């Protein structure tokens with residue numbers, strides 16, 4: 001037994017910390033860069049942090065529900081579980097929904113990464129080339145071990161959070177509390193608009209359904225999921241408060257990527273260390289690479305209830321679809337429309353489906369008892 | 001064997017992308033623009049051309065990296081070698097920059113842009129000010145901490161001043177504006193902050209630069225209208241001082257007061273303010289701005305015992321008077337002459353009394369001009385904290 005303990009990472013299982021970071025990583029995607037703008041625009045005041053908190057609260061409840069559901073799998077995969085409880089056709093429908101959502105999610109992130117790097121890093125490299133490169137690396141990662149992907153997020157996400165924390169703290173001399181005033185002066189309509197916008201940035205946590213089977217202790221899933229969601233909430237709220245207090249909401253709603261602009265604003269006295277945003281972008285890129293890989297992996301896992309093809313062959317089939325879909329939007333407006341479409345699909349997979357399955361499971365229990 | 005061939009082929013293929021790096025650009029090919037001066041161009045080429053209402057004459061200051069190097073004391077005094085200016089005309093910044101690429105050996109690059117000087121005429125024209133800044137905000141090369149100034153007269157000549165103690169005129173102006181010990185200049189106005197004012201439709205004060213016979217001064221400030229975003233007037237030295245007191249913008253400065261028959265110089269160290277609002281009549285708001293001024297005596301020609309409380313109190317009263325005088329000049333300028341709220345009292349209403357602000361917002365400094373009609377009282381509390389290292393210098 002002592003020998004087995006030292007062979008900690010050889011068992012193809014994931015531990016507690018890895019689960020937490022996987023969940024956070026699935027949520028913190030492109031949203032971390034654009035959330036302050038979309039929320040400031042929707043609420044049209046500095047009270048958007050309330051929207052983020054409310055959306056975070058809803059996410060907490062849903063994530064807890066999802067994780068609670070997953071403790072009942074008992075070595076079955078999510079879709080096998082659904083099949084046992086609600087019948088094969090339902091399982092197939094659920095599988096299709098998850099497949100479509102995570103596939104388009106992957107495409108959307110791929111294109112967003114390409115657009116962002118075009119704006120800030122490679123001004124003259126065509127987005128087609130950046131997307132292709134990014135997608136190839138993601139596909140390579142997905143064709144390997146699933147636990148490997150989880151360990152990637154464990155490796156990268158803490159750095160993103162650390163760099164974010166550092167530049168937020170360093171922007172303290174630009175922080176003006178009075179830009180957050182007036183507090184609590186928005187009507188509920190605009191707050192709810194903000195809730196809708198910010199809930200989009202919390203979607204993705206449902207991916208955990210496909211990883212519970214890999215966990216060393218699946219019974220811990222609810223607790224760990226809640227911690228993961230909490231990290232995302234704290235990150236979002238603090239980024240939002242800082243961007244508003246530095247830029248004011250009028251400016252924030254006009255900046256394309258407020259989080260990056262905030263990192264650009266930070267200078268250390270002495271002009272020695274100026275380009276903090278490149279550090280942030282680098283860590284963000286590797287972290288989003290891990291996120292995208294997990295999303296694609298979930299998509300592949302959920303399509304496997306339809307076909308007997310093995311993972312690698314399936315990826316050969318999916319790769320061109322992914323690439324074409326990511327190249328479909330012709331401009332930044334269409335890209336953000338695609339993002340909205342993906343988010344609405346995400347509402348189905350993250351909120352509607354888990355809730356329905358939970359109800360079905362409960363109903364069957366009650367009926368069995370009766 | 002076949003595997004080995006395949007591997008070699010793959011290796012050779014991987015050479016291909018190496019040659020095709022789109023974004024590779026050598027440092028030597030980049031021309032670092034550190035300053036831009038924008039003047040009004042000649043009359044529009046086509047009078048009824050609606051897209052290009054205005055043309056601009058833009059001067060770019062580019063550094064010559066070789067000239068910036070310190071070469072063991074020799075040659076470093078040749079300031080003329082470390083920069084050059086190019087002036088071009090066009091209707092949009094982008095087209096002017098494109099023209100510039102055909103004339104200079106390096107591609108212009110704005111990552112190290114430090115200063116944008118807008119001429120009085122461009123700033124006065126309707127929306128011209130925001131138009132010239134659009135490129136620098138939209139383009140992600142330039143940062144949001146670039147200083148923006150308004151030049152009294154021509155902007156181009158500001159970039160041709162002889163720098164003293166610095167390598168280029170832009171660096172010279174930058175280091176002047178960073179000086180901490182005077183209230184005669186407006187604190188640095190960054191393009192990011194200006195963007196905020198422009199979006200909030202709030203009147204604001206912008207740094208002013210005056211060049212005269214190859215020397216420059218940053219005394220005073222320009223007042224920009226929040227609705228049309230154009231320059232409506234300048235503040236002189238004293239009005240700027242009062243403005244700095246009112247906005248907590250003080251970074252040091254000296255007040256000379258008469259005590260007895262002699263002068264005592266009071267060094268301002270810190271000013272904090274609190275705005276009290278009386279909204280008993282919402283359409284005629286009353287503001288009381290309380291100022292807490294802290295400082296010390298650093299020069300005194302009057303021989304007194306400065307360790308006596310009455311002496312300190314007398315000086316405090318005198319300083320108070322002169323703060324009041326400065327502040328009243330500023331209030332007179334902003335409320336009575338220009339009728340633009342650059343003091344931030346409107347913003348204070350917006351932050352603290354959003355309900356009242358909603359009613360007054362539309363005609364705050366236009367139309368019925370609630371700002372000009374509001375009653376603003378200033379109450380200063382002056383403290384002399386220290387008197388320096390000696391009590392007196394001589395015995396009279």
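Glycine too: its Cβ is placed from the backbone N, Cα and C atoms.
Taken from TrEMBL, the feature transmembrane segment applies to A:20-36 (among others). Beyond the ends of the transmembrane segment (A:20-36), by six or more residues, the same chain brings 14, 48, 52, 59, 63, 108-109, 112-113, 116, 150, 153-154, 156-158, 160, 164, 197-198, 200-205, 207-208, 211, 224-225, 227-229, 231-232, 235-236, 239-240, 243-244, 252, 256-260, 284, 287-288, 290-291, 294-295, 339 to within a C-beta distance below 8 angstroms of the stretch.
Here TrEMBL flags A:48-69 (among others) as transmembrane segment.
The transmembrane segment annotation in TrEMBL covers A:90-109 (among others).
When Cβ-Cβ distances below 8 Å are used as the criterion, the transmembrane segment (A:129-149) is approached by residues 12-14, 106, 110-111, 113-114, 117-118, 122, 211, 214, 289-290, 292-294, 296-297, 300, 311-312, 315, 319, 322-323, 326-327 of the same chain, each at least six residues removed from its ends. TrEMBL lists A:129-149 (among others) with the feature transmembrane segment.
Within the chain, the transmembrane segment (A:156-175) has long-range Cβ neighbours (under 8 A, six or more residues past its boundaries) at 21, 24-25, 28, 32, 231, 235, 238-239, 242, 245-246, 259, 262-263, 265-266, 268, 276, 279-280, 283-284, 286-287, 289-290. Annotation source TrEMBL lists transmembrane segment at A:156-175 (among others).
Per TrEMBL, transmembrane segment is recorded for A:195-214 (among others).
According to TrEMBL, the feature transmembrane segment maps to A:226-249 (among others).
TrEMBL lists A:279-300 (among others) with the feature transmembrane segment.
Here TrEMBL flags A:312-329 (among others) as transmembrane segment.
The transmembrane segment annotation in TrEMBL covers A:341-361 (among others). Within the same chain, residues 62, 65-66, 68-69, 72, 82, 85-86, 94, 97-98, 100-101, 104-105, 108, 199-200, 203-206, 209 sit at least 6 positions outside the transmembrane segment (A:341-361) and bring their C-beta atoms closer than 8 Å to a C-beta of that stretch.
Contact between the transmembrane segment (A:226-249) and the transmembrane segment (A:279-300) does not hold: fewer than three of their C-beta pairs are under 8 Å, each pair 6 or more apart in sequence. With pairs at least 6 apart in sequence, the transmembrane segment (A:279-300) and the transmembrane segment (A:48-69) have fewer than 3 Cβ pairs within the 8 Å limit; the two do not touch. Across A:195-214, A:279-300, A:312-329, stretch A:279-300 shows the highest tally of CB pairs under 8 A with the transmembrane segment (A:90-109).
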